[in-house]
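Database features, via TrEMBL:
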type: COMPBIAS; residues: 435-449; note: compositional bias 'Pro residues'
type: COMPBIAS; residues: 473-484; note: compositional bias 'Polar residues'
type: COMPBIAS; residues: 499-512; note: compositional bias 'Low complexity'
type: COMPBIAS; residues: 530-541; note: compositional bias 'Basic and acidic residues'
type: DOMAIN; residues: 1-388; note: domain 'CAF1B/HIR1 beta-propeller'
type: DOMAIN; residues: 449-538; note: domain 'Chromatin assembly factor 1 subunit B C-terminal'
type: REGION; residues: 399-547; note: region 'Disordered'
type: REPEAT; residues: 62-103; note: repeat 'WD'
type: REPEAT; residues: 125-166; note: repeat 'WD'
type: REPEAT; residues: 167-208; note: repeat 'WD'
Amino acid sequence: MKVITCEIAWHNKEPVYSLDFQPGAAGRIHRLASAGVDTAVRIWKVAKGPDGKAIVEFLSNLTRHTKAVNVVRFSPNGEILASGGDDAVILLWKVNDNKEPEQLAFQDEDEAQLNKENWTVVKTLRGHLEDVYDICWAADGNLMASASVDNTAIIWDVGKGQKISIFNEHKSYVQGVTWDPLGQYVATLSCDRILRVYSTQKKRVAFNVSKMLSGIGAEGEARSYRMFHDDSMKSFFRRLSFTPDGSLLLTPAGCVESGENVTNTTYVFSRKNLKRPIAHLPCPGKATLAVRCCPVYFELRPVAEQADGPSQEPGVELVRLPYRLVFAVASEDSVLLYDTQQPFPFGYVSNIHYHTLSDVSWSSDGAFLAISSTDGYCSFVTFEKDELGIPLKEKPVLSVRTPDTAKKSKSQGSSPGPRLAEGTPTGRIQDPSSPGTPPPQVRPSPAPAAPSEEKKSLQPSTQNPRVPPSRRVTVNTLQAWSKTTPRRINLIPLKTDTAPASAPASVIASPSTEDIQSEMPGDPQGSPPDLKRPRLGEREGSPQGLD
């Protein structure tokens, strides 16, 4: 691991607020986008030199914003770059290979620098009333979420350039937003000290997280503390992130109270329960402000390698996964490197900048970690091959769920019973336990209880000349997936009110072929702070250059 701070006037020595590596396949150059107070977005090429340190080359200068640019994010396929700034607009950029680049002179540079690439604005998204602080793309690249000083987060249809949803539950600036890689949630973090997790299907709040129980008082009352910092935090950003597989949500700007002591931390939430964190990662220095995950999946380390010192406990895992994920946590003055196989950092980078850090980004192959700062400079942490671990040969296949597919796949409860096989007609099959349906009497055959193929024939209880034809229904049990044994079950409706005979568990099937998905319970909204954060222009000691 090598660290270098490049002596480059990234944005005319003005604060750099954001940077992002372009995702892409192997063989593509490492293209980096940066944004700053000088209202420009700039594209750079990052390569590894003979000494293993990063070498940066200028590619293009993108000028369309009229005020400071706070965030840049590439789309998942790397073709579109989104930028948001204090002018309250989001610009979508795309490189134009057919047009020759134009020659531009930087404002405080004597030498004219030639653009080697030509980027043009393909779409402008207008909807926020004030500064845009953060942007995050959906996994398919068709949708995008943005966070703003106007206390809202907006979901955009990128293709149409239109707003889909506006989330206005926050009572103060929304300083971070992230999209669940599985497409089920969008999470936002605000300086109102509340983490809100929204359902993309229902388009409303699914979870509010703001307080943590700290114990029982002298009179038996429950004591709690606020989990996140208030607006006294120096940074403008609280960039939270889901892990690439969507299993964890990592939130910065956390604090843990123990008596009179307050410890800065980063909270770790499991997607199985987003109401309460499963762990927290203490930061000994200042508050944390950004979390970014390495896009590479790594093989698990042997258990013996986890104990590198006498104070470390071997076998203690942050979370149990079939692979290892690496992520970086940026505080105001340092960067800590973690993985999911241990609860303590394996790397620590500090004393690289004079002012507050603002953003971090990983290259698509995990070879570079870029760090931006409000002192006007950027640093790079470079890793040798397999230094972070051995990459998996194939990434896990994620089951991405978009709002459109979610409408087609409604929840059927959390019943542990088997479901009908795909392709089975379900429109005319009635649930025997539903009201208005005659209770069936089942005469089981002596066949063993194994996955079987059954025939159901409905016989009328009254004189009815039309008899419904028999249908073939395949039932999958939970025991094994062995050969099927055909047997016949006659369902005879009863005329009396006698209780139905109990049916074997192996023949009871869910009346739907759709996937069973659990409903997300509602959660009361957390109480907002009494005072709203002052406007940026009225705050004392805020970073220079932000309008």
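Glycine is treated like the rest: Cβ placed from N, Cα and C.
With helix defined as DSSP H, G or I and strand as E or B, the repeat 'WD' (167-208) counts 0 helix, 23 strand, 19 coil. Averaged across the repeat 'WD' (167-208), pLDDT in this predicted model comes to 96. When DSSP labels each residue, the repeat 'WD' (125-166) comes out as 0 helix, 24 strand, 18 coil, counted as helix, strand and coil in that order.
Secondary structure of the repeat 'WD' (62-103), assigned with DSSP and counted as helix (H, G, I), strand (E, B) and coil, comes to 0 helix, 20 strand, 22 coil.
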